[in-house]
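Here is what TrEMBL says about this protein:
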| type | residues | note |
| --- | --- | --- |
| TRANSMEM | 52-71 | transmembrane segment |
| TRANSMEM | 83-102 | transmembrane segment |
| TRANSMEM | 114-134 | transmembrane segment |
| TRANSMEM | 140-158 | transmembrane segment |
| TRANSMEM | 170-187 | transmembrane segment |
| TRANSMEM | 207-228 | transmembrane segment |
| DOMAIN | 235-379 | domain 'O-antigen ligase-related' |
| TRANSMEM | 249-267 | transmembrane segment |
| TRANSMEM | 273-290 | transmembrane segment |
| TRANSMEM | 373-393 | transmembrane segment |
| TRANSMEM | 413-441 | transmembrane segment |
Amino acid sequence: MDPIASGPVLEPASGSYLQPSPSEPVFFPVSSAGIAVAPRRAKVAVRNTGRAAIRGSAGVALFAALATIGFRLHELVPLVANVLRPAMFLGPLAVVLMLRQAKVPFSAVVKRSFLLRALLALAVFAAIGVPFALLRGFAFARLQGLLPLFLLFLAFSLAKPSSADVKRAITMFVILGGLLGTAAILLGHSDSSGRVSVTYTLDSNDLAAVLAMVVPLACGLVFSGSVYQRVGAVIAVAICSWAIVRTGSRGGVVGLGVGLLVFVLIQRGSMRMISLAVLSLAMVVGWQFAPHSFRERMASLASLEADYNTTSYFGRKEIWSRGIGYGLSNPVMGVGIGNFEAAEGSTLEEMGRRGKWSAAHNSFIQVFSEMGFPGLIIFSLILGRCLLVAWRWRSPRVFYPSEPSSYPGLLGAVTAFTVAAFFVSGAFSWAFFALCGLMSVADLSSNREGMTPPRRTGRATLAPLLRKGARIGKHKRPY
C-alpha cells in the first residue's frame with residue numbers, strides 16, 4: 001500500500017489528524033489551487049525507508065574489493081599484486097559479507113536486478129562460445145579473468161540500498177579515482193611521446209577512460225556533499241583532470257568533455273550557468289598549463305585525415321573495419337571472447353605479413369566481433385539500462401518525496417564511459433564492471449524507494465496528484 005495514501009488525513013478546519021478505518025477509502029485534502037496535498041508526516045515516513053546497506057565490515061570489504069578489482073591500486077606494489085594477489089580473495093569476501101548482511105536468497109537477487117541478469121546472460125553466452133572460438137585457450141583465459149569482475153559486481157548487487165548508499169558508493173569511486181590519479185601523476189611512467197600510464201593493466205587510454213568516469217561523479221559531490229566531501233571532491237576533480245591531461249588520450253578527453261557537458265546541461269536554473277562558467281574557466285586554465293605534447297595531440301583532432309589512425313593498416317579506422325568484418329563473418333557466435341587479437345594474427349598470416357596483433361580499440365566492435373550480434377545486443381542493453389538509471393537520478397522531483405536526493409554525476413559518468421568506450425577495448429574491463437556495480441546500487445535503491453521515471457513537464461509531474469485530488473469531488477468525506 002502506498003505509504004502516503006495510507007497516512008492520516010489533515011482536517012482543514014481544525015488542523016487535527018483523522019485516523020481512517022481500514023475499510024474506509026482515504027482522500028487527500030485539496031489546496032486552494034486544486035492540488036492534492038500529502039500530509040507531512042507521511043512524507044517523513046517515506047524518506048526514512050530502510051537502513052544503510054553499505055556499512056560495517058561488508059562496506060569495508062566492498063571498498064577494498066573495488067580498490068583492487070575495479071581500480072587496480074594493488075598493482076602499484078608489485079609484491080602485493082604478484083604474491084598476495086588480493087583480488088582473488090577480496091571479491092569472494094565482499095560477496096560473502098554482503099550476502100550475510102542482505103539475508104536474501106540468490107534467486108531473489110537475480111529477480112530484482114536487471115543488470116545482474118544481463119551480465120549473467122553475457123557471461124553464459126561467452127562460455128557457450130568457448131568451444132567455437134578461434135583459439136579456445138584465449139577464450140577460456142578471458143572467461144577466467146571475468147570471475148573476479150563478476151564477483152565485484154555481485155557484491156554491489158547483493159545490497160538492499162537506500163539513497164544514502166548511492167552517495168556512499170559514489171564517494172568510494174571518487175576517493176579511489178583520486179588515489180589512482182595521484183599515483184599516475186607521481187608514480188606513472190611515460191613513453192617516448194610523454195604519455196603517462198600506471199599499473200600494468202591500465203595503459204594511457206584505459207587510465208583516461210577510468211578517470212573520465214570519476215570526474216563527473218566528483219563534480220556531483222561538489223554541489224551536494226558535506227563540507228569535507230566538497231573539499232575532497234574539488235581536489236579529486238583537479239587531480240583526475242590533470243592525470244587525464246598527462247595521459248594524452250584523445251578518446252579520454254573527448255569522453256570527459258561530453259560527460260561534463262551532460263552534467264552541466266542537466267543542471268537547473270542558476271546552477272547551470274555557474275557550472276558552465278566554472279567548466280569554461282577550468283578548460284582555459286588547463287589548456288594554458290597543459291604540456292605542449294598534449295596540445296599537439298588535441299589539435300590533431302581537427303586534421304584526422306593525416307593521422308596514422310586513418311592512414312595506417314594498424315590504425316583505428318582499418319582495425320574497426322576488420323573487426324566489423326569478423327563479426328559479419330560470424331554473426332551468431334563471433335570469433336570467441338578474447339580472440340580479437342587472434343583474428344588479427346590470422347588475418348596477417350593469410351596476407352603473408354608480420355606485425356602487431358591489435359586490440360579492437362572500440363568496445364562495441366570488440367563485443368560484436370568476439371560474440372556476434374547477441375553479445376552486442378546484451379552489451380548495449382546493459383549500457384542502456386545504466387543510462388536509464390542515471391537519468392532517473394539526474395534531478396529531484398518535488399512531488400515525489402521518496403526521492404530525497406539527486407546525483408547528476410551518475411549520468412555524466414555513464415555518458416563519459418560510453419563515449420570513451422568507442423576508443424578503448426573496455427567491454428570486459430575492470431572499469432565497466434565497477435561502473436555496472438555502482439549503477440546496480442542506484443537501480444536497486446530507486447526500485448526499493450518507489451522512484452518512478454521522470455516527468456518531462458510540470459503538467460505531467462502534477463498529473464498523479466491531480467488525479468488523486470479529483471477523487472474528492474466524487475466522494476465527499478464527512479468531517
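Even glycines carry a Cβ here, placed using N, Cα and C.
Just so you know, TrEMBL annotations never went through curation; they're auto-generated.
As a quick check, the transmembrane segment (413-441) and the transmembrane segment (83-102) miss the bar of 3 or more Cβ pairs under 8 A, pairs 6 or more apart, so the two do not touch. Between the transmembrane segment (83-102) and the listed ranges 114-134, 140-158, 170-187, 273-290, 373-393, the one holding the most Cβ pairs under 8 Å is 140-158. The transmembrane segment (52-71) and the transmembrane segment (140-158) are in contact, since at least 3 Cβ pairs between them lie under 8 Å (pairs 6 or more apart in sequence). Proximity of the transmembrane segment (249-267) to the transmembrane segment (207-228) is established through 3 or more Cβ-Cβ distances under 8 Å for residue pairs spaced 6 or more apart. Helix, strand and coil content of the domain 'O-antigen ligase-related' (235-379), in residues and according to DSSP, is 111 helix, 0 strand, 34 coil.
In this chain, the transmembrane segment (373-393) does not touch the transmembrane segment (207-228); fewer than three CB pairs sit within less than 8 A of each other, excluding pairs fewer than 6 residues apart.
Same-chain residues lying 6+ beyond the ends of the transmembrane segment (170-187) with a Cβ under 8 Å from its Cβ atoms: 62-63, 66-67, 70-73, 76, 196-199, 207, 210-211, 213-215, 217-218, 220-221, 225, 229, 232-233, 235-236, 239-240, 242-243, 246-247, 407, 409-410, 413, 434, 438.
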